[in-house]
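A.B. asks: Pasting the relevant annotations from Swiss-Prot:
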BINDING   Arg43, His73, Arg92  isopentenyl diphosphate binding site
BINDING   Asp80, Asp86  Mg(2+) 2 binding site
BINDING   Asp80, Asp86  Mg(2+) 1 binding site
BINDING   Arg91, Lys170, Thr171, Gln205  (2E,6E)-farnesyl diphosphate binding site
Amino acid sequence: MAFEQRIEAAMAAAIARGQGSEAPSKLATALDYAVTPGGARIRPTLLLSVATACGDDRPALSDAAAVALELIHCASLVHDDLPCFDDAEIRRGKPTVHRAYSEPLAILTGDSLIVMGFEVLARAAADQPQRALQLVTALAVRTGMPMGICAGQGWESESQINLSAYHRAKTGALFIAATQMGAIAAGYEAEPWEELGARIGEAFQVADDLRDALCDAETLGKPAGQDEIHARPNAVREYGVEGAAKRLKDILGGAIASIPSCPGEAMLAEMVRRYAEKIVPAQVAARV
């Protein structure tokens with residue numbers, strides 16, 4: 001089964017469990033609204049790619065890890081869009097959850113998706129409890145403080161911001177989780193896979209900064225120019241467009257070089273190359 005089918009099937013099963021017969025109907029429908037359409041599902045696809053490169057001897061556990069990670073990511077988007085943070089009106093081409101359902105339900109939706117992510121891992125633990133425990137730990141570390149997406153959001157409240165630490169926590173954290181969890185699910189050590197995740201995450205953030213500066217809202221599927229409006233730290237402000245484009249090229253080259261030795265190393269390198277082609281904004285593609 002293709003990665004996309006595996007991810008969507010496991011995601012649908014997780015959401016269906018959260019929409020049980022006694023669930024409040026508005027919150028139940030908000031759960032599905034928050035995770036669909038799924039976009040590129042970049043993080044879970046990366047996780048399954050690493051697991052496959054490492055042999056993927058427990059595909060059910062890999063699927064659970066992929067969905068747990070994506071649920072956390074979707075939760076972070078719901079919370080990021082709230083009025084107290086970005087106050088965004090559009091996400092993935094449709095009204096944000098708080099616009100469609102209300103702010104209280106958006107908060108509950110994000111909270112529910114976070115809990116659901118860890119529940120998915122707990123339910124998958126019977127066959128490989130040690131691996132499952134490592135997966136829970138890896139995901140928790142990259143979700144909370146001091147190195148997770150919560151820390152990334154927290155950096156935006158600081159007067160002095162370390163751009164590298166900010167990017168590593170806000171965006172890199174879940175990419176590190178993706179590569180490490182893919183390895184763990186297949187029985188490999190997590191630590192050697194941190195650099196690959198960090199580099200892919202930084203590349204994604206720099207590319208996102210370039211898109212935010214250069215693309216319009218229709219192209220993005222969300223409001224453009226948000227970094228400038230909210231005075232957020234970003235690579236374009238730090239390096240300029242040309243400098244950010246060069247930085248992106250360097251990061252992507254380093255990502256391929258950082259892939260640890262594994263049976264599917266060549267396949268994974270090709271996946272990273274294809275991913276690079278997708279994330280580079282058209283306006284700067286010729287420069288990288």
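Each position is counted from 1, following the chain as shown.
Even glycines carry a Cβ here, placed using N, Cα and C.
For the listed features, I'd like the structural context: burial, neighbours, distances.
C.D. replies: DSSP gives Arg43 (isopentenyl diphosphate binding site) a helix state. Packing around Arg43 (isopentenyl diphosphate binding site) is summarised by its Cβ count: 24 other Cβ atoms lie within 10 angstroms of its Cβ, all protein chains included.
DSSP classifies Asp80 (Mg(2+) 2 binding site) as helix under the three-state reduction. The Cβ of Asp80 (Mg(2+) 2 binding site) has 17 other Cβ atoms within 10 Å, all protein chains considered.
Cβ neighbours within 10 Å of Asp86 (Mg(2+) 2 binding site), excluding its own Cβ and spanning all shown chains: 20.
Gln205 ((2E,6E)-farnesyl diphosphate binding site) counts 23 other C-beta atoms within 10 Å of its own C-beta, drawing on all protein chains shown.
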A.B. asks: Kindly assign Asp86 (Mg(2+) 2 binding site) to one of the three DSSP-derived states: helix, strand or coil.
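C.D. replies: It is coil.
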A.B. asks: Does DSSP put Lys170 ((2E,6E)-farnesyl diphosphate binding site) in a helix, in a strand, or in coil?
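C.D. replies: It is helical.
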A.B. asks: Just to confirm: which same-chain residues, 6+ apart in sequence, have a Cβ under 8 Å from the Cβ of Lys170 ((2E,6E)-farnesyl diphosphate binding site)?
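C.D. replies: For Lys170 ((2E,6E)-farnesyl diphosphate binding site), the qualifying residues are Ile149, Ala151, Gly152, Gln153, Trp155, Gln205.
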